[in-house]
Amino acid sequence: MSAASTTSTPAAAAVAPQQPESLYRVVQTLGEGAFGEVLLIVNTKNPEVAAAMKKINIANKSKDFIDNIRKEYLLQKRVSAVGHDNVIRMIGMRNDPQFYYLFLEYADGGELFDKIEPDCGMSPVFAQFYFKQLICGLKFIHDNDVVHRDIKPENLLLTGTHVLKISDFGMATLYRNKGEERLLDLSCGTIPYAAPELCAGKKYRGPPVDVWSSGIVLIAMLTGELPWDRASDASQSYMGWISNTSLDERPWKKIDVRALCMLRKIVTDKTDKRATIEQIQADPWYQHNFGQVETPNGRPLKRARNNDENITCTQQAECSAKRRHLETPNEKSTLAERQNASFSQPTKTEDLLLTQHIDMSQTNSNLLQRMVCRMTRFCVVTDIRSTYQKVARASEHAGFGVRETDDYRLLVTWREVSMMVSLYTMGDIPDKPRVMVDFRRSRGDGIQFKKMFMDVRNRMHEWICTDGNNWLANLGYVPRNPQIVNGGGVNVEHSASSINVDV
């Protein structure tokens, strides 16, 4: 990659001055897509200064494609100018003849879908905790005249202290200019989360489509499943919800009455009756005191009723530079994760690109912690060669496509979902063959990916052991699984502080 230029763009004043790429170092790839990749980078003079770099290939691309990258940058820069704890911050942009580079805040806690257990979801206290942050972030975005149009768990990132951040503005647009709202007409988004008016190709108001998507995210958090494939007349489950005839079926029977009443106001096909952000924040379920959330970090933080929280932020971005048309769940990046380490966040691109070398042990550290947070992994008592064969066989028996990529790595696919399976020998357990099997989503819906993982895991249950967690713990890593504790709170292992969600 050559040194980036600062050729004239609509955002020329905000683009960083020319800097050689050697001033920062790529630690690892966070995600890959059809048009580029997302990289975790650090300042080579100060490796504690980190950011996510979205590297987008523009070679032989149309003017519209490049204009949409600039639009994504400008919209996210617009909301970053003031900044909000629940929205990923844009740091800057550079470009050369082959690539555009977007530099974004780095979040070290994974994607929200990592926390959603298939067919189970998560506890109501944590669902409310994350939902409140999502609503606060959406309110801020809408107040700045921007609509996101692709709200889903894969685009909601977390910090190590469970601060939720809205990311990926690749489908965002301005819905209001100088106080005058306009109707939108582009059909875009991810089908299971998209509002019916958007699926139908009608003109639509901006904010209500984000409200609808937030409701689908809440359903996924509470139940671990999506209510339908598409909000259209062709969907029996969708029509059952609209006609109020399917409440004794899944997923609705898993949801308590108070939450269901709120969802009725959010997930309604009547846009003029769909709840506003303010109405959601006043709803009894939103305001209900479920208890407190324990986090693995420093000082206690308070949640205030209907107010923006003042929580220290940290991100990663996703490879979706193009303005995508309506599609099935698409490829998104996976976060590198670090526990017990808080990266500094550069305030502008020059602060990041000041930069010697990061120790390769740092890369290994990120790789291991990435496994810990995802929880889509297990340890087996067979050697690596036989493990490889067993994983391939289990995947094939589940009806998945299996393709060898390189040594001890498999690409497993089913419909629109694909996952990469990597095997690691646990060499520090003497005289015992132990292999860590790690699954990473590379494309498609996160909840369906987890179901695929569970299917393969269940087919290999007779070889699975618990040594993997002990191995990671001995290396200084501990899986961070939220748990319900006394009084209805949520506990995270080795918690030293809490976030009070009293309202």
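Note that Cβ sites are derived from N, Cα and C of the backbone, with glycine treated the same way.
Of SER333, SER344, the one with phosphoserine in Swiss-Prot is SER344, while the others lack that note in the record, though it may still apply to them. According to DSSP, GLY36 (ATP binding site) is assigned to a strand segment. Other Cβ atoms within 10 Å of the Cβ of LEU30 (ATP binding site), summed over all protein chains shown, number 26. Here the CA atom of ASP150 (active site, proton acceptor) lies 19 Å from the CA atom of GLY36 (ATP binding site).
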